[in-house]
Amino acid sequence: MNDESPDYGVGSKPEETLPRQEPPLVLRLESTETAFPPRRPRPGLLEAVLWCVIFLLTQLTASLFVVAGVLAFFAWSQAEPWAFVQEQFAALAAAQQSSSEKTETADAPDSGTKTADAPESSPTEGAETAATPSTVPREIALALVYGMLAAQVASWWLIRQVVPHVVGRNWKEQIGWRRPRAVQMLLVTLTIVPFMLLAGGLQELLLRLGIGTHLQIAESLRALFQHAPLIVTLAAAAVGPGIVEEVWCRGFLGQGLIARYGVIPGVLWTSLLFGFLHLDPAYALITAAMGVYLHFVFLACRSLAAPIFLHACNNGLAVLASLNPQVLPVLAADAPGLSLFGYGLAALVLGVCSYALWRTRPRVAAGT
């Protein structure tokens, strides 16, 4: 084999060998298409109203199903089931008639008393003379309580189905499902009593204006829960509504409405829908006003745990005070109204705690 090197000639240079061009691993194509705009936060106002209707229908369906089941269970254990059912509904009609007569008497101009919700007598005397609770059949009262509990369970099921789908995969972060600060939870605890007292003052103001005179909150609470186990009562009236309504309203509805319309309009729309969920127009005014403050607590703490805690404590103490007015006479729904000084002191305490809540609110980094 001839091992000859190439002859480039005199003065010639070898050609430079260029490195081999390897194809890139990733081809970056420049697109001339416009990127899609980001998805608008949901729900909007119309969608929020529709979801609230579905929420109410879900609660009503579950409640009616369980109420019918509990009554059927009681009737089945009787010798004459149909006669038992007729007796129950006849007793319920008599209780409602008695309640209506008491309301008309309390509303009379010369009666010298407040309405049935705020009598001049002491809470203990009001509890002893209340005829409605003693005439409501025990079986119907228990059926209604378990129906309320079923409504809360069904509402939580609806939340688990709807909220992740509408809000997105990070729905827990978006609605504020996070741990609160300990100092803020302490401040929220201090707001419970003044919050309840001012809500009672608003109810008294509406009654003086002739709005909501048909409401008999204290008697209704006693009639429903006097026969039920305490743990079932608190689950159906306090813990369940506290979790379900706050996650649904302040978390789900609020995050979409505030993102679309701004903080103040979003809070107002959310609070009105919160009142709408309580159906009765007079009671809806009270709950809507309470909803505004609950939303403030949520925005200050950036955690749903804070309004859930305040909501559950408000409901739980209201029920316990109505069942045992001698233990918590000031917080009972039919307790006499406070003086102007008392309401002013409650407003002062609530204002100071609210200011401290806002000053200790978690700071959010820019762009998050």
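Every residue, even glycine, has its Cβ placed from backbone N, Cα and C.
Feature annotations, courtesy of TrEMBL:
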type     : residues : note
REGION   : 1-23     : region 'Disordered'
TRANSMEM : 48-76    : transmembrane segment
REGION   : 100-133  : region 'Disordered'
TRANSMEM : 140-159  : transmembrane segment
TRANSMEM : 182-203  : transmembrane segment
TRANSMEM : 223-244  : transmembrane segment
DOMAIN   : 230-316  : domain 'CAAX prenyl protease 2/Lysostaphin resistance protein A-like'
TRANSMEM : 256-276  : transmembrane segment
TRANSMEM : 282-301  : transmembrane segment
TRANSMEM : 308-328  : transmembrane segment
TRANSMEM : 340-358  : transmembrane segment
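Taken through DSSP, the domain 'CAAX prenyl protease 2/Lysostaphin resistance protein A-like' (230-316) splits into 79 helix, 0 strand, 8 coil.
Among the listed stretches 48-76, 182-203, 256-276, 282-301, 308-328, the one sharing the most Cβ pairs under 8 Å with the transmembrane segment (140-159) is 48-76.
Between the transmembrane segment (282-301) and the transmembrane segment (182-203) there are 3 or more Cβ pairs closer than 8 Å, counting only residues 6 or more apart in sequence, so the two stretches are in contact. Taking every recorded stretch in 48-76, 256-276, 308-328 and counting its Cβ pairs under 8 Å to the transmembrane segment (223-244), the highest total belongs to 308-328. Of the ranges 48-76, 182-203, 256-276, 308-328, the one with the most Cβ pairs under 8 Å to the transmembrane segment (340-358) is 182-203.
Long-range contacts of the transmembrane segment (48-76) within its own chain (CB-CB distance under 8 A, at least 6 residues past either end) are made by residues 82, 84-85, 88, 139-140, 142-144, 146-155, 157-158, 162, 248, 252-253, 256-257, 269-270, 273, 276-277, 279.
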